[in-house]
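J.: Structure in structure tokens, see below.
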Amino acid sequence: MAAAALRPPAQGTVTFEDVAVNFSQEEWSLLSEAQRCLYHDVMLENLTLISSLGCWYGAKDETPSKQTLSIQQESPLRTHWTGVCTKKVHLWGMCGPLLGDILHQGTQHNQKLNGFGAYEKKLDDDANHHQDQKQHIGEKSYRSNAKGTSFVKNCKFHMSHEPFIFHEVGKDFLSSLRLLQQEDIHTSGKSNFETKHGIPLQGGKTHYICGESTIPFSNKHSLVLHQRLLPREGPYVCSDSGKFTSKSNSFNNHQGVRTGKRPYQCGQCDESFWYKAHLTEHQRVHTGERPYECGECDKSFSHKHSLVDHQRVHTGERPYECDECGKSFSHKRSLVHHQRVHTGERPYQCGECGKSFNHKCNLIQHQRVHTGERPFECTACGKLFRSNSHLKEHQRVHTGERPYECKECRKSFRYKSHLTEHQRVHTGERPYECRECGKCFHQKGSLIQHQQIHSGERPHECGECGKCFHQKGSLIRHQQIHSGERPHECGECGKCFRQKGNLIKHQRVHTGERHHEC
């Protein structure tokens with residue numbers, strides 16, 4: 001990457017090309033009517049600025065002597081001066097078709113230059129004028145100018161002793177015009193724009209006053225480009241991209257993005273950022289500052305966007321919708337995670353076993369299987385869990401909370417997955433099918449247990465007698481034979497049973513219920 005350059009100020013003698021932009025007829029045809037008007041205004045304002053700063057223009061490499069065109073300007077920035085042109089010619093006759101019209105308009109109507117000066121035209125329009133012009137500048141140069149090249153190539157400006165910086169409008173003037181038009185669209189709807197930036201005049205027109213030179217302008221576009229011409233620090237120009245700015249911090253940010261360097265580093269954790277604002281937000285992690293507070297529930301956040309996301313909980317707004325299934329979400333990241341269900345994308349892979357996951361948090365939880373880490377402890381019984389969600393689900397055993405209720409039978413469950421499986425009893429859905437015999441099941445666990453019948457697998461072995469079972473529940477019930485445990489007690493007579501099913505059958509003796517009729 002080439003090193004970024006700081007454009008040096010143009011001091012002493014400069015050509016008008018340093019501040020003017022010329023279009024060919026083909027380029028001119030690409031501009032809209034609004035852009036042409038803007039170009040016209042900007043060139044007039046540039047001419048005004050040059051006059052106000054005490055510049056004079058004449059034919060190249062000649063000593064100034066007063067001829068037929070004089071421009072007198074009383075500037076608030078300079079003492080009285082007189083600028084002269086060294087040849088008795090129509091200036092706009094030497095210009096291209098665009099700049100020529102602008103200079104012609106400025107002189108023909110004795111237009112005041114923003115209220116500070118005036119043109120005085122004393123030109124001879126005799127029939128021999130063009131012939132004299134050819135003899136003075138040469139036939140080749142005249143033909144070139146007739147094709148549209150500007151007279152500015154043959155003119156120079158003698159600057160005052162004070163240094164002055166001309167800012168280029170930009171490599172792509174069309175882009176600059178579009179940018180300025182967009183800025184005007186965004187600000188035109190603000191009711192306080194005139195009170196801040198403009199002074200209303202008669203007829204509803206507004207003057208936009210430059211705060212540095214006090215020069216008034218008829219529109220905001222001209223003021224913006226004028227302020228780029230004022231002496232200031234910079235501009236800072238990136239030699240790679242061609243982008244420029246008058247602010248050193250903006251230039252540093254741009255360079256950081258291009259080089260990959262993050263200039264703003266956190267002193268607490270060594271994390272670095274491209275922008276100072278991002279560093280400020282990050283430091284709230286260490287300070288605990290939460291300046292953004294929800295007006296509904298008083299919950300506070302360290303970032304404004306977090307508050308905006310949270311407020312959708314109260315409003316119920318779900319602006320992010322899945323194109324595949326129509327499901328909507330309150331957060332964009334939730335939509336991105338959901339879309340992986342449709343695409344099958346699993347970007348987070350375990351380095352130990354190669355298993356992949358949709359979400360990073362699921363990978364972190366899975367990795368604790370390999371490390372054996374169980375950082376979440378139940379305060380009631382001391383049991384440890386790999387994830388906070390598993391701990392919260394377990395705590396419902398102690399609290400008796402069953403937040404998931406079936407709308408059909410009002411039966412409630414501790415876990416949402418249990419409710420989902422239960423609802424299949426009402427719907428008759430059996431999504432899990434055995435490939436061996438075609439039998440279907442409500443639950444995936446039931447299918448796995450059934451498949452052990454076909455495979456002959458009995459993974460659960462009794463440590464006392466060596467007997468094996470298909471299901472873990474069957475092993476637990478069997479072990480009660482060895483332990484003598486009978487956990488299911490009848491409330492009527494106190495008789496105890498190893499299995500709950502046996503207790504239910506026994507209770508019919510007391511109720512007189514006859515479940516099976518002939």
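From the backbone N, Cα and C atoms, a Cβ is placed for every residue, glycine too.
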J.: Choose the correct range: of 133-155, 156-178, 432-454, which one does Swiss-Prot annotate as zinc finger? Give that range.
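T.: Here Swiss-Prot associates zinc finger with the stretch 432-454.
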J.: In Swiss-Prot, which of these is labelled SUMO2 cross-link: Lys196, Lys416, Lys505?
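T.: Looking at Swiss-Prot, the SUMO2 cross-link feature maps to Lys196.
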J.: Please identify the range among 8-30, 100-122, 376-398 that Swiss-Prot labels zinc finger.
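T.: My reading of Swiss-Prot: the zinc finger range is 376-398.
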J.: Look up Lys220, Lys411, Lys472 in Swiss-Prot and give me whichever carries the note SUMO2 cross-link.
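T.: Checking Swiss-Prot against Lys220, Lys411, Lys472, the SUMO2 cross-link entry points to Lys220.
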J.: Considering the residues Lys243, Lys247, Lys327, which is the one that Swiss-Prot annotates as SUMO2 cross-link?
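T.: Candidates were Lys243, Lys247, Lys327; Swiss-Prot attaches SUMO2 cross-link to Lys247.
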J.: Name the residue range among 67-89, 320-342 that Swiss-Prot annotates as zinc finger.
T.: 320-342
J.: With the zinc finger (376-398) as the reference, find which of 264-286, 292-314, 404-426, 432-454 contributes the most Cβ pairs under 8 Å.
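T.: The listed stretch sharing the most Cβ pairs with the zinc finger (376-398) is 404-426.
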J.: State the residues, same chain only, that lie 6 or more residues beyond the ends of the zinc finger (292-314) and have a CB under 8 A from a CB inside it; answer 'none' if no residue qualifies.
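T.: Those are 281, 284-285, 330-331, in sequence order.
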J.: Are there residues at least 6 beyond the ends of the zinc finger (348-370) whose Cβ is under 8 Å from a Cβ of it, and what are they?
T.: 337, 340-341, 386-387
